[in-house]
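Taken from TrEMBL, the feature domain 'Sodium/calcium exchanger membrane region' covers 106-256, 432-582. Marked as region 'Disordered' by TrEMBL: 272-298. Per TrEMBL, signal peptide is recorded for 1-25. The transmembrane segment annotation in TrEMBL covers 97-120, 141-158, 178-205, 217-235, 241-261, 332-355, 396-417, 429-447, 496-515, 535-553, 565-584.
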Amino acid sequence: MRPAGALSLAGALSLAGVLVGDSRAQPAGTPLSLDLGRTVPPGGDALSHGRGPDCWEVRKRNSSEWCRFVRSNPDCRLDSGFLDYLEGVFCVFPPRLLPLAITLYALWLLYLFIILGVTAEKFFCPNLSAISTNLKLSHNVAVFSLMFPLHGVTFLAFGNGAPDVFSAVVAFSDPRTAGLAIGAIFGAGVFVTTVVAGGIALVKPFTAASRPFLRDVIFYMVAVFLTFMILYFGRITLGEALGYLGLYVFYVFTVVLCTWIHRRQRGDGLAPPATWEPEMPTDAEEQESSGTNSGDYGEEYQPLLPSRETSLRILTTALSPLDYRKWRRKPWYWRLFKVFKVPVELVLLLTVPVVDPDKDDLNWKRPLNCLHVLTSPLLCVLTLKSGAYGLYQIQGIFPVWGLVTLVGSFLAIITFITTSNEEPPKYHCVFAFLGFLASAMWINAAATELVNILRTLGIIFQLSNTVLGLTLLAWGNSIGDTFSDLTMARQGYPRMAFSACFGGIIFNILVGVGLGCLLQMTSSQLVVKLEPDSLLVWILAGALGLSLVFSFVSVPAQCFQLGKAYGVCLILYYLAFLCVALLTEFRVIHLSAV
């Protein structure tokens, strides 16, 4: 779980580059232009970059013309995704049922957030940890001692930030939705560093770890300053995009170095991590805070004598997302939420293998894992480029998904014949890589639908991508971290939760912006133009920077003893920022024309 971080992270980032297609059609040598302001160009010009009327104009027309306008306008076409939300709301539903369509879209939006959260928490992160364990790049306690914080700032950061980063990469892939990425990254930064951090101080006053806090805030302020300068100059070059990723690598190196120096000063040398209070929760703490510890009933339900289960029983048990003993003792609201999650978990269990190094059998379920040999590759080809590659006809005769089905079925039969139910095969670690790939494809597909539906809602309500990013997308991606951090604080780990507020979002901004822009560059286009035409973008960047400066000054001034007054100030700051942002969006606050 240790030094594999850099390798796995690089593999994940390379995967993201494959997952996100290039929707540009720019002349060679012309910088790609990403509009970070309103969907409609400033000044109300009805023409947008030579594409004809902007899709934002549809609500200004008569309702009888909505469908024809959406179908004939190139700017209303979605280049990726499985559902055409614009055509659905303006063509499938009659105008009088527009409120019903919006309600259904809002419910689907919430469900997409559930899909992202479940996939990242129960499938993406466990496989990522299993990969780091199986690579076994650390062979002794001394190396593990140094690499434990590396695991926290690479694997935990990538696992927790996967929805944010994938959403940013997908949003950056289309100039029309780039504002969503900036709004979500900055908006989540303001939300986490004010509401979540303030909530932790309100729930459990504590003394913050001085050096980790100052280190994380300084790095985050540098990242925000770099992003502000890029927005000011209106472009990002290849070197600057790589600089974002390089700065994160330097941050990881700094965390490891600071940990080593701290232990040397304490005289511990290379002591095991058990004597070191981690800045991120350990696996045991994660299980405690999430309430998913498999040992809730101890030895009470363990069989006295080992029994051999049939393959059919193993399959049905492994595919059951419900623990009936836990179901009986949970409150009604937990059961209600579980009902919504069951369909998602069932589909994920069918298509994504999970390797658990903490279990004696490594979570080897022979019939289900053999089925994964077929379903996981099939999932990948059917979700890559929204199924375009999977539906491709080889020589115009045989589809790619059919070939994958035949090869996967053959390999699944071979795996079933050559393995047993009791003992995992020697190549079981391969399933961790397969599960990582499959869960990444699920996250990318859900993120693509998320970005598309947010753009649709922006067109319906005449809202900019930036305000949708800093509200709906930022809140949705941060809600899981909010509950986990507050739960961790209530259970007596406020320092860990507070460190996670500032440490985790560093990954989101550096990798989200750096990778998102990097993937839009080609050999002939090494510059991406950013067009922050909206005042809201500057308010957002300024608010994030100001919140960091406030914490950077006020926390040391309080001798790192954070109480309820600090929490109340942060939450009031966020409410004031949100009011200013909304007033700017609705042009109550605006710059006077020169």
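From the backbone N, Cα and C atoms, a Cβ is placed for every residue, glycine too.
In TrEMBL, annotation is done automatically, which means it is predicted and not curated.
Within its own chain, the transmembrane segment (332-355) has Cβ neighbours under 8 Å at 111, 114-115, 118-119, 122-123, 126-127, 130, 134, 318-319, 321-322, 362-363, 368-369, 371-372, 375-376, 378-379, 428-429, 431-432, 434-435, 438-439, 442, counting only residues six or more beyond its boundaries.
Contact check: the transmembrane segment (97-120) against the transmembrane segment (429-447) gives at least three Cβ pairs closer than 8 Å, residues 6 or more apart, which meets the contact criterion.
Outside the transmembrane segment (217-235), and at least 6 residues removed from its termini, the chain residues within Cβ reach (under 8 Å) are 31, 36, 182, 186, 189, 193, 243-244, 247, 251, 254, 502, 505-506, 509-510, 513, 527-532, 537-538, 541, 544-545, 548-549, 551-552.
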